[in-house]
Amino acid sequence: MRQTFPLGRIAGIRLGAHWSMLVTVGLFTWVLASYLTGTASTVVVWTTAVSGAVALCAALLAHELAHSIVAQHNGVQVEAVVLWLLGGVSELSEEARDARADLRIALAGPLTSLGIAAVAFLAGAAAAAVDQDGPITAVLVWLAVMNTVLGLFNLLPGAPLDGGRVLRAVIWRRTGDRLRAATAAARSGQFLGTLLLMIGIAELILLGHVGGLWLMLLGWFLQSAAHAELTLAGLRHRLGHSMVRDVMTARPMAIPAAWPIAALLRSDAADSGHRVFPVVDDTGHPVAVVAWSDLAAVAAPARTTTTVGSAARALPAGALAREDEPLIDVASRVVLRPNLDAVAVVGEDGRLIGLITSTDLVLACDRSALGLPPRGRHRTGHPSATSEGTTP
Ligand SMILES: [Zn+2]
């Protein structure tokens, strides 16, 4: 969701739209225009269709905003609301603290959609009294139907759909076991996703409906999102309340971006046994990450002139962390590929103070499974670059 353009703020919540939203607006307009054909002149039909499509997107936004606003009221921080191809996503930066809040946040969206459907239906009934076969009446009825479908579809009991969140909250409330609740909701989501996918395929092949493609896409998305939820639920359970500082390697060996690759190969880093290094600028701020495999791509004669900075990969925004952050937040926002990626931990001044690699995360999970603290007393981390006195 990186290529989003900002739509402003409501109630302090950042709103954005992914470029794929344009496809959705286009699709809605096209569907609506063909549905309205014959009710008025071509210009009126298309104008009404575009307005209807935009109104539906606004309704999607209202659905997500309802989740976010209720989340904020329940003490859950909200990062942003983003609209994309398949609707909207509320980016909550943390999870609800109790089952009751979880339930309220989950229900806010579908109830808003059903509320909008009711309003659109009443407005449609009023419009019908004036012009029964007019395009305005048709659009209002369409909006009522679409919002009803949206509200009911989202109440299907499988995560990450809202109904899955409701299911999670109910099981969590009953059993007091959050992991069990999240796992059950995610498994139900996987099942629902597979079911939608199969219905979509059957619709496409047996009935020849192109609409089957849409169901297939939804089913596939639901299934993979449910799978990710399942993994995350396990990880969340394993990492529990561990903080970044419990797992990070403090004072990691950092490589200045301006170093030629040849200098890095001559330095202590080459013999350190580590395969991934943070790259810092001349003020000590981490800017990139470099693995031995990145350097192998540079031909030997060019290694004296090519800097580490130009061979390294830029750090994505999610790969910067604070030492007092919960580890699970970091683990859920970045995917760390073994021997390739790392999370740079920065201090108040933005300078590098620690490093987390996928090995550190796996180790923390394994130790937690054995009932051990995140890290042993005998740390075998990166030696400090300064104490080793590395020079190019
Ligand atoms: Zn929702």
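Backbone N, Cα and C atoms are what each Cβ position is placed from, and that goes for glycine too.
Just so you know, TrEMBL annotations never went through curation; they're auto-generated.
These come from TrEMBL:
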COMPBIAS  383-392  compositional bias 'Polar residues'
DOMAIN    243-305  domain 'CBS'
DOMAIN    314-372  domain 'CBS'
REGION    372-392  region 'Disordered'
TRANSMEM  12-37  transmembrane segment
TRANSMEM  43-62  transmembrane segment
TRANSMEM  105-130  transmembrane segment
TRANSMEM  136-156  transmembrane segment
TRANSMEM  188-207  transmembrane segment
At a threshold of under 8 Å on Cβ distances, which of 12-37, 136-156, 188-207 pairs most often with the transmembrane segment (105-130)?
136-156
Positions on the same chain near the transmembrane segment (188-207), where near means CB under 8 A and six or more residues out
156-161, 164, 167, 213-227, 229-230
Model confidence over the domain 'CBS' (314-372), as mean pLDDT, sits at 82
